[in-house]
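Q: Dumping the structure here so I can ask a few things about it.
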Amino acid sequence: MRDLDTRAQNVMRNIDQLADDFMANLKNLTSEKRKEAMADIQQQFNKAKEYGDDKVQLAIQTYELVDKHIRRLDSDLARFESEIQDKVTSNTRPTDDQVSVAVKKGRKKIKEKEKKRKGLSSDDDSGGKTLKKRKKTGGKAVGGKNAGGKATSIPASDSPLAVLPLASGDVLDMPVDPNEPTYCLCHQVSYGEMIGCDNPDCPIEWFHFACVNLTTKPKGKWFCPKCISDRKKK
């Protein structure tokens, strides 16, 4: 980019010098000499424009390369966060031994309560109340939210303990920046090789090679299909 800037500046200085010489000797130049001088100045302008187009292409390619790496980093970050969430979920999930210990503790507490009630009521009544209490505790909601967002309940006939795994979110690609400008007849963002219309009033300005049936950069001035059509109407 710096090398292109240097070349463009040298060409512009050369154009200024040629223009000054042309204006200073205009009265003494013949018609042929004037045409030659004008052609020389025009050639230098074309060269400066080529350097400018090359700078634009280089800037577009650099932008696409940086954007590509940003998207890759975003994807890796989302995958890394998903892996961390899975590890946390697996670490907090109780093992079979933990479930067994919890069941034993629950049964022990129930037996202790049954012993305390023996002095107040008969064994049958005590057993009936205990059964009712166990049925009440059986339907309590445990675990996190499912995919529908509703809490999951465990019926009384199921195991007294249950754990639901957390649902992990889908990893989505980074959307295209909505603020990024669009170009060409296809109204898409800049990519690949592009060419600029030489009409200063062109509303689109830049076009993809493939959209205007170009494979290489044409020599001289180039006008887009829209500007050519507008000129023919005039």
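Positions of Cβ are set from backbone N, Cα and C atoms, glycine also.
From TrEMBL, for reference:
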BINDING   C197, C202, C224, C227  Zn(2+) 2 binding site
COMPBIAS  104-119  compositional bias 'Basic residues'
DOMAIN    181-230  domain 'PHD-type'
REGION    87-155  region 'Disordered'
Q: Show which residues of the chain containing C227 (Zn(2+) 2 binding site), separated from it by at least 6 in sequence, have their CB under 8 Å from its CB.
A: C197, N199, C202
Q: How many other Cβ atoms are found within 10 Å of the Cβ atom of C197 (Zn(2+) 2 binding site), counting all protein chains shown?
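A: Around C197 (Zn(2+) 2 binding site), other Cβ atoms within 10 Å: 21.
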Q: Between C202, C224, which of the binding-site residues has its C-beta surrounded by the fewest other C-beta atoms within 10 Å?
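A: Candidates: the binding-site residues C202, C224. Fewest Cβ atoms within 10 Å: C202.
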Q: So what's the mean pLDDT when you look at the domain 'PHD-type' (181-230)?
A: 90
